[in-house]
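A quick write-up on the structure given underneath.
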Amino acid sequence: MEEEDSIYTQDGTVDYRGDPAIRSQTGTWKACPYILGNEFCERLAYYGMSTNLVLYFKKHLNQHSATAVKNVANWSGTCYITPLIGAFLADAYLGRYRTIATFSIIYVIGMTLLTLSASVHGLKPTCVAKDGCQATTAQSAVCFVALYLIALGTGGIKPCVSSYGADQFDDANETEKKHKSSFFNWFYLSINVGALIASSVLVWVQDNVSWAWGFGIPAIAMAIAVASFFSGTRLFRNQKPGGSPFTRISQVMVASFRKYKVKVPESKALYETADSESSIVGSRKLDHTDDFRFFDKAAVEIESDQMLKGSVNPWRLCTVTQVEELKAIIRLLPVWATGIVFAAVYSQMGNLFVLQGDKMDAHIGPNFEIPAASLSIFDTLSVIFWVPIYDRIIVPVARKYTGHPNGITQLQRMGIGLFISILAMLSAAILELVRLREVRKNDYYLLEKMPMSIFWQVPQYFLIGCAEVFTLIGQLEFFYEQAPDAMRSLCSALSLTTIALGNYLSSLLVTIVTKVSTKDGSLGWIPDNLNYGHIQYFFFLLVILSIKNLIAFLFIAKWYKYKRPIGTVR
């Protein structure tokens, strides 16, 4: 009984490290269904609530087009900034399991409040017609409190779930390490299956049944996500939190500046623990690298570094592994920065793509009308189409030519996606040029829906989905693999902040172009009636930014050095 009790941690999860028998009973694909099920339901909840949000703001909270776009972009951005909070707590103190569990409860509370704000008399907006609603300041405030509770809740889930799933595969085991790369593909597939149902069924419910059910069903889905996660507790492998990563980074920087006059010797003379394990809990030792040599000064041992009783002052002397942690973060930052413009492109699916589609004919047959936001289903279908093709066809074929275990490197994969995103923006811009030509030719300016099929938007959605498979999944795997072991949640959160900053960049660009293009009383690029607008100029602006971003990425990818952990399969 004593041996059995030692298997489990206080929260009931399994600590498998050092025990091969326990390791064989936990982790790998046995644990993954519960994690993938959790992600499927959580993404169903998130996209079911967010996909149509710009139209809810415009038609039920009575906001102008530009205001609604900016509010969605700002909220979406916050959803990708809060992961820094959850990631820090996971890596430093709580571990990934407890962080996911705690923030999931906050998420459910937010979803419940949002449902109440759309269903309870006094909290929901007063509507005299389907799209003729008026919300008081208090009603809008309740809605936004609920949304930002959800943003906080998702902050503990987003950075941890993908890393937690990858934790179920051991880097020291060659077979398990190969499966880890596949996990990221199928993890992203589960996200998009959830998004598929959200952008089709739930958006239809919101437009044709009620927003109460449209928000209520995602709330139920989130509750199921929590149940799925807890169901797999006894099968999960867990890594212990390694303490504050910010403290370790600060120690290296302080120690380096204290020794700025000290000459750096050969790498073999730098300080490292004699044990086979790193002094950082939950982290393997890292090989020394020759770049950013200034920070190596922190690992140069001098007489004043020793404290009483022979102990080491960590603010004066750091291990090579600790120094390499900081170097790894510095190397990631330029790659991270190139993801911001891509995220601004990606965010158009929830903003201008929806508003563009809202002015087009959405009928399928004489009686059924597809909501504009539901066109994102083709982005999802694109991902579902490309993930198995990439995993089962592209990777094996590429592996024969390159000899690389994953077919192509993660950076090559991301670069391909950046190029495809340029084609997506060109497709959207060309469609808008054609649409406005028809408006001018036939004087459709005052029509609510012009007689041009919304399905002409399919190519731009499909290209965005293809770009996702290459860039976002590649980014997900890249930031996990290249992160120091004890900073994986934090680095996953760092990658997610590109989505946040992309949304903020989109919001900033909308603000700037609106201010500039409405001078002298002009309606501007993005007026309430897009038949008088020029959103194709905005799409072309993103094309130009994306081309410059791709060029910068190519230089950065050529410069980048992959991390070298000791004792892993390469």
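Just so it is clear, glycine is given a Cβ too, placed from its N, Cα and C backbone atoms.
Annotation source TrEMBL lists transmembrane segment at 100-120, 186-205, 211-230, 332-350, 370-390, 411-434, 454-478, 490-514, 534-556.
Looking at 332-350, 370-390, 411-434, 490-514, the range that has the most CB pairs within less than 8 A of the transmembrane segment (186-205) turns out to be 370-390.
Simply put, out of 370-390, 411-434, 490-514, 490-514 has the most Cβ pairs sitting under 8 Å from the transmembrane segment (332-350).
Long-range Cβ contacts of the transmembrane segment (370-390) within its own chain (Cβ-Cβ under 8 Å, at least 6 residues beyond either end) map to 51-52, 54-55, 185-186, 188-189, 192-193, 195-196, 199-200, 203-204, 206-207, 349-350, 353-358, 360, 362-364, 454-455, 457-458, 461-466, 468-470, 473.
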